[in-house]
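Over in TrEMBL, the protein carries these features:
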| type | residues | note |
| --- | --- | --- |
| SIGNAL | 1-20 | signal peptide |
| TRANSMEM | 187-205 | transmembrane segment |
| TRANSMEM | 217-238 | transmembrane segment |
| TRANSMEM | 258-274 | transmembrane segment |
| TRANSMEM | 286-314 | transmembrane segment |
| TRANSMEM | 320-339 | transmembrane segment |
| TRANSMEM | 346-362 | transmembrane segment |
């Protein structure tokens, strides 16, 4: 756990130093201090991030996007290491999710308290605080329902089909990004998202026959439909959460996270009790949690906090790219740690994801703007890059 925390801190420091070197001259220590200050003064940094559009690799967004990608890549590796000799888990998976939510809540409370003592959080309560609290019920419920539906979907279809269809959430995110958040993407950026979805889908193609040993698709058509709806709900939950986080730029992200994680703890505690009630009553909630399982909890908690920061200071598109990059990193790590083969699908997927990332982050003056883009806006974009 300590090593994991040090890796995350090192990632924040390096990413912040890299982005800062393009605009300011300073030492590595100064860059780390600036990133830490941003965590404890979220209101001011949120206002700055809204003033300048830096994309997912802007000076304000890069540390959180890179950290989220790093933690996402660590998740499957740690989960694999936490399995027993038979390929199962000695601990309760629903309890692990519940404990991750609880840890996120505790960390957010500590960070909020630190911010209040420093005076960087002026006020967290206002006239519509109660309605704001209940507004976080919807995304928490969407995440909970979607995560549990995946279990039933995998009973209907094989894992490969599910992974391929789940990449539609990239397309749904791009569409909902414009519908709900009124954010305009260019034609090239939409093409980049399609390339990203295809690249991540290619990475999931099996090397040989499509049939997976020990997996029987009981209702492939129903499972395919549910997979599409799961992708839609996943994108919808992320978009709605971003709308809530950015709806009050001056509100502390830690206070916003606290409200979300309270609902998350409640929903996941209910799910853990329903699924593993007998195991929890007989062996206890913490039964089977060794060092590897504890690392999974810590990684999941830190990853949730990093994703929240990405949604607050960047956007859902950055989250989608972070997930795709993490998938490629995980596969590369699996080649080294678990002797996984280097397949043509993996090489092609890495190329497609890298191309899509470069394509999406081109300066807007170089992109093919939508037909309804005003002439004045085109001129201002061109002038801004000269």
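Glycine residues also receive a Cβ, built from the backbone N, Cα and C atoms like all the rest.
With respect to Cβ pairs under 8 Å, the transmembrane segment (187-205) is most closely packed against 346-362, considering the stretches 217-238, 286-314, 320-339, 346-362. Sequence-remote contacts of a segment are chain residues at least 6 beyond its ends whose Cβ falls under 8 Å from one of its Cβ atoms, and for the transmembrane segment (320-339) they are 56, 65-66, 68-73, 75-77, 80, 169-170, 173, 193, 196, 199-200, 203, 307, 310, 346, 349-350, 353, 356-357, 360.
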